[in-house]
C-alpha cells in the first residue's frame, strides 16, 4: 500500500501543476470561462447608498452641502435617506450572497469616520463601529470587502476651512484619515482603493461645475458660485494624486495591511475618430486618451505627468518635486477601471485664449455619432448610456501595451435606465438591455484576458441597487435590484438578477460528475479501484483534456475505452484530487 500512496502522490502532484496552469476556456461563457480566483462583485459608494446623513455622529459632506444649498442642481433631491443602506446592510448583503457574488466594493464616508476631517479633533466611535459591523457581516457571508477611501464626499468643514482639494493641506489630512482606516479595518479588508475617478472629480467639480463642489468660471455656468475652469481642475487633480500617494505610503507602513493591495480607480471612455479619414481627428483621439487615462496613470506608474498633458496645459499644470515624484512612482498595486461607454472625438480649433478651460485645452469635442451619423450602440435614444463593449477590450489593451500589462480590476461596469415617471414598474424590471450589456461586456473582457493576455483579475457590477445618482438624483437607475422609493425602499429583483445568478452559479461545481460517487467509494486497499484510478489519471496526463472536452465525447466511446483499458473515469473524483479546480 505504501507504494500505492507514493505513486498517487507523484502523479497527483504532476497533474495538479498541469491542470492549474491550463488557461480558462474561452468557449465557455460562465464563471468557469475566467481565470481561477477571478473576482465577481458589486459596487457602491457611501453617499449614494448609506443615507443616515445626520445619524451616528456624521457631519455634512460636500455633497450634503451641494444638494441642500443648490437643490435645483440635483433635481430637488438629496441623499439624506438614499437607499438606507446604513440600516439595511444586513439584508442587502443577503442579496449579494443570493447573487453568488464574491465581493462588495464600497466607500467609507470621511465625514462619518472623522466628522471634522481632522484626526486631532477625534475619530467618531460610532462610525468605526458601523464600518466594522458592515465588514464583519460581509465576511460572515463569504463576501470579500473592498474599501474605497474617497468617493467624492470629504467633510464640508475642510471645504470651508481651506478649499478642500484646492489646498495642499488636504494631503496630510487625507493621510491621517487613511491611516485610521488601515489601523481600524486593515485586518479584515485586503483590497483598497484610494481615489475613485479623479478625472470626474476634477472636471465635473471644477470645470463644468455639474458636481460638488460645483466650481467653474462664471462664463461656463452662471450657477457656479466661484471658480476658475482654466486652473482649478489641474490644481485639484494634483492634490488628489498627492493624497493618493500619501495614503499608499501609510498603507505600506501599516502592519495590518501587509498582505493587502491598494490602487487608484480611473474612469476612461474609449474613443474613435469622428472621421476616421481625418488625421486631425485621429490625433484628437490620442489627446482624449491622454486626458482620460494618461493624466493620472502616468504619475502613479512613472512618477510624472505625460508630456502631452504638459504641452496642452502649459504652466497651468503643476509640477511634482523630486520627493513627490518618488512617492508617486509605482504607487498602485493594481489599476482600477470603471468603464461604461465610448464616444467619437472631433478635432476643434484652439479656443479663445482669454477664456481657458480644461475641456477646451485639448482641442477636441466628444460626439455621440460619427460623420456618417453612426453611433456605437443602442442606448442614447432611450436616455441611457450607449453600449460599446468592444471599447472595454480596447481600453484594456491600451493599458497593457502602454504600461507593461499591470494588474487591472474592472471596478465598475453597468448601464442605467432613465426613469422619468412615465414607465411602469414592470417595464423597469424587464431589463433585458442590462442583461445584454453585461453579457456583451463580459464576453469582451473574457477575450481581453484569454486572447490578448490582459492581466484582469476582477469585475464589479455597478450596481447592486438603484441609488442616488449625483446630479441626476433618483431619475436614473443602475441597479440590478429595483428600489421602490414610494414604498419603504423595497428591493425588487429585476430580470438581470436571475441572469447573474445563473452566470455565477457554477462556482462550486466539481470538475467531474460525482453523482455516482457512492457507487465508486472505494479505498486504497481495493487494488482494483486503485488501478482504475491510476489508469484514469494516466489517461488524463497523456491526453491533457478538459472536463468539457470529455463531456463532448460520445458516451459509447467511454464505454469502449473502459472495456479496453480498465479506465473508470467516474471513479476519478472519488478520491477528491481535483475538487473545485475550475
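From the backbone N, Cα and C atoms, a Cβ is placed for every residue, glycine too.
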TODO: May I ask you to find which of 40, 478 Swiss-Prot records for the beta-D-glucoside site already listed with 48, 151, 196, 197, 340, 412, 462, 469, 470?
DONE: 478
- [ ] Please compare the recorded positions 48, 196, 255, 370 by how many other CB atoms fall within 10 Å of each one's CB, and tell me which has the fewest.
- [x] 255
Task: Among 48, 196, 340, 462, 470, which are recorded as binding-site residues, the nearest neighbour of residue 216 (disulfide bond) by Cα - done: 470
Open item on the list: Sequence gap of 6 or more, Cβ distance under 8 Å: name the residues on the same chain that satisfy this around residue 430 (N-linked glycosylation site), in order along the sequence.
Closed with: 494, 495
TODO: Could you find out if DSSP has residue 196 (beta-D-glucoside binding site) as helix, strand or coil?
DONE: strand
Open item on the list: Quick check: of the recorded positions listed here (224, 255, 340, 470), which one has the Cα closest to that of residue 330 (N-linked glycosylation site)?
Closed with: 255
TODO: Please report how many Å separate the Cα atom of residue 462 (beta-D-glucoside binding site) from that of residue 224 (disulfide bond), as a whole number.
DONE: 29
